[in-house]
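Working notes for the structure below.
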Amino acid sequence: MRPMRIFVNDDRHVMAKHSSVYPTQEELEAVQNMVSHTERALKAVSDWIDEQEKGNSELSEAENMDTPPDDESKEGAGEQKAEHMTRTLRGVMRVGLVAKGLLLKGDLDLELVLLCKEKPTTALLDKVADNLAIQLTTVTEDKYEILQSVDDAAIVIKNTKEPPLSLTIHLTSPVVREEMEKVLAGETLSVNDPPDVLDRQKCLAALASLRHAKWFQARANGLKSCVIVIRVLRDLCTRVPTWGPLRGWPLELLCEKSIGTANRPMGAGEALRRVLECLASGIVMPDGSGIYDPCEKEATDAIGHLDRQQREDITQSAQHALRLAAFGQLHKVLGMDPLPSKMPKKPKNENPVDYTVQIPPSTTYAITPMKRPMEEDGEEKSPSKKKKKIQKKEEKADPPQAMNALMRLNQLKPGLQYKLISQTGPVHAPIFTMSVEVDGSNFEASGPSKKTAKLHVAVKVLQDMGLPTGAEGRDSSKGEDSAEESDGKPAIVAPPPVVEAVSNPSSVFPSDATTEQGPILTKHGKNPVMELNEKRRGLKYELISETGGSHDKRFVMEVEVDGQKFQGAGSNKKVAKAYAALAALEKLFPDTPLALEANKKKRTPVPVRGGPKFAAKPHNPGFGMGGPMHNEVPPPPNIRGRGRGGNIRGRGRGRGFGGANHGGGYMNAGAGYGSYGYSSNSATAGYSQFYSNGGHSGNAGGGGSGGGGGSSSYSSYYQGDSYNSPVPPKHAGKKPLHGGQQKASYSSGYQSHQGQQQPYNQSQYSSYGTPQGKQKGYGHGQGSYSSYSNSYNSPGGGGGSDYSYDSKFNYSGSGGRSGGNSYGSSGSSSYNTGSHGGYGTGSGGSSSYQGKQGGYSSQSNYSSPGSSQSYSGPASSYQSSQGGYSRNTEHSMNYQYR
């Protein structure tokens, strides 16, 4: 949980103070060495005494088999093996500051407790002290001075080097407390004590310190900020004489009671303020509640030794300190200078000492573990699992805050210059490639940011040197994979470290931690699954494996493309699919040109109105005369625009489509053909106007009494963009052909869109073209009557359908999305010029020329039954590309050049 903002400044000051009073690593190592040497030596002394007793007599051996006291388990010697229960020296345990992890700078006094089977005597103390000197010389080369303190029931060991540490070994036995309880209960003791038995009160105090250490490990060590606050307040007790009487066990109980009763974990600053509030409320006053000692059977006040004046002084000092903290003067309470308002962020180095003891636990006596206190407090068994989970989370969170690869490398090779080699990818997901030269070798790596790229470079350098990279704390496989493959494919636009995934099942994939930084994209900035689907439809992704626990799943997905299988892995199936698709794209389509991708932008599709056969397709925007060529949403019938195209049959400019049941024009929501109208009775009236964005040409053939307009063709200067609009044919009897209107066609090189779909039974007419690089021109010689079609399948089906109207006009409509037909009879010819040739139609000596840029121009040449040429009959299924149909039209010519 993040600390509350109002306590952030207090947290900084408390942690700064804590860092200043915390012992140095050298001091802790000296303590660790002295304690471990003494424990090993005492274990050897215990073995030596045990061998001596076994060699004496069977009588002494029988005496050693006495049943141990019941209360022994509460003193830390229970549940031991039978062979250890016969020993005179049961074990050695750490107590005091060493066991609790409360050592500060300058703390030179260390404590151990040596548990004995019987009441310790002066003779036993002398024997242990004498043999301890011998055993220490065998354990270590360090010199130690051993002193005997019979009055204190202890052995004192002092080292001869800096810092001058003093280790006190207290001798005690659980029998001392058991006998005292029997005396208090009024029982008569049948066994007389030896004359040289050690002081009973000293032995009881040693047993109490053992209980205190176990209680502290169970209750305070796992409490957030508790140990830190106790360390800071221990320093306060040393600096301020008023607080001196609280030093030790009362202070530890007070801090645990104050912090442990909070309803949430607190930061160091807030926890310290809560302890001050507890004291300021009068808890230590004579009429206050006092501090209950949980380690005593009888109700005991841990501050019972304080007199009235001391209690009042402590309460007043706490109130004054609380006022200072409330007004932002906590640094005065801590005895330090105020910190600047803004400090540079530094990696926390207090985490390793927050919740763990300063000295690792001893393994000398495996029979007396220090992790037993949770079993003694039965009422605390329920939250024990939570505490263990919290500790595990904290242990997992600690390693990433250690030195990373970049910091490690800078320590080993200071002054390295990192250079930016390249920056690729789109703006929203760039890929940076950094390099560094180390000992003449150049290393490169890439990442979604310069900082990450530098980190990946450092990982590579450290791996090359055979040194740890700092990522071992996490899952080694994932961490190393990410580092090794970080520079695999810098050309791919992917925020995580990019990996070249191959069809091998043992492929290496980026770690899940990096995939959270952003989406996985191809070098075209698209989702890999989407881009692969554009190239190969209907692919199936299969789940190959699912590994890891619930908190760390790993999915492997496989896809088969063109007979090859590609795999991808990730923390979920979506990520795994993306990497599998990415691998397939890199292997099968490494050099896909971007020119085609530019024409395949997503566009808003026109709503389908004619059923699946006339399904709308994405299209390129046309370039109209004076306005947008195509409205994304078709205008409803009978809309009145500038062209007045609805249900009005007239002649003149702007009328658009004349005739019944014809909706508005294809521009400006029913405004006819833009600002250009088509007059009737004009057989070869053509309009041509060129703009910077396209050339447009339209011709109209006038009809007789029907007044039908001719066909119009709009061609764009852009590749593959054109617009062809038909004119509705009129029957001789002025009956609309199936009540349908002609369809306009938009062509984008390889796909066309049938706009203005109406739910009428009318075939679609499209301009025909093939993609760039696939254009073909079709010409027909004299005397031939043939049909060519180059079409792409559309949802409407690939078949052709013939329509016959009153046995006078026969034409076929191709079901393809794009195709082309060219027809020629005797004496006719069709020309197709330019790099993107369209498909022209000609009949009866007419010619159709189309210019270089290849907008698809279409025209219709039809003769009525009375004309010199007639196309009819079973073999004369006639289809023109976007032909306009009108009766009694003459042959028209349309020339369009760039």
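For all residues, glycine too, the Cβ spot is worked out from N, Cα and C.
Marked as compositional bias 'Basic and acidic residues' by Swiss-Prot: 74-85 (among others).
What Swiss-Prot lists as compositional bias 'Basic and acidic residues' is 372-383 (among others).
Positions annotated as compositional bias 'Basic and acidic residues' by Swiss-Prot: 472-481 (among others).
Taken from Swiss-Prot, the feature SUMO1 cross-link covers LYS348, and the record attributes it to similarity to another entry.
According to Swiss-Prot, the feature domain 'DZF' maps to 5-378, an assignment based on sequence analysis. The predicted model assigns the domain 'DZF' (5-378) a mean pLDDT of 84.
Look at Swiss-Prot and you will find 398-467 tagged as domain 'DRBM 1', backed by sequence analysis.
What Swiss-Prot lists as domain 'DRBM 2' is 524-590, and the listing cites sequence analysis.
Summarising the annotation, Swiss-Prot assigns phosphothreonine to THR67 (among others).
DSSP assigns THR188 (phosphothreonine) to coil, not to a helix or a strand. Sequence-distant neighbours of THR188 (phosphothreonine) (same chain, six or more apart, CB under 8 Å from its CB) are absent. The phosphothreonine annotation in Swiss-Prot covers THR188 (among others).
Taken from Swiss-Prot, the feature phosphoserine applies to SER190 (among others).
Other Cβ atoms within 10 Å of the Cβ of THR315 (phosphothreonine) number 19 in total over all chains. In three-state terms derived from DSSP, THR315 (phosphothreonine) belongs to a helical segment. Residues or ranges marked as phosphothreonine in Swiss-Prot: THR315 (among others).
Among the features that Swiss-Prot reports, phosphoserine is placed at SER382 (among others).
Residues annotated as phosphoserine in Swiss-Prot: SER384 (among others).
Under DSSP, LYS460 (N6-acetyllysine) is assigned to a helix (H, G or I) in the three-state scheme. The N6-acetyllysine feature in Swiss-Prot is assigned to LYS460 (among others); the stated evidence is similarity to another entry.
Per Swiss-Prot, the feature phosphoserine maps to SER477 (among others); the stated evidence is similarity to another entry.
Residues or ranges marked as phosphoserine in Swiss-Prot: SER482 (among others).
Counting residues per DSSP class in helix, strand and coil order gives 24 helix, 22 strand, 21 coil for the domain 'DRBM 2' (524-590). It is 59 Å from the Cα atom of LYS460 (N6-acetyllysine) to that of THR315 (phosphothreonine).
Cβ neighbour count for LYS460 (N6-acetyllysine): 22 (other Cβ atoms within 10 Å of its Cβ, all protein chains included).
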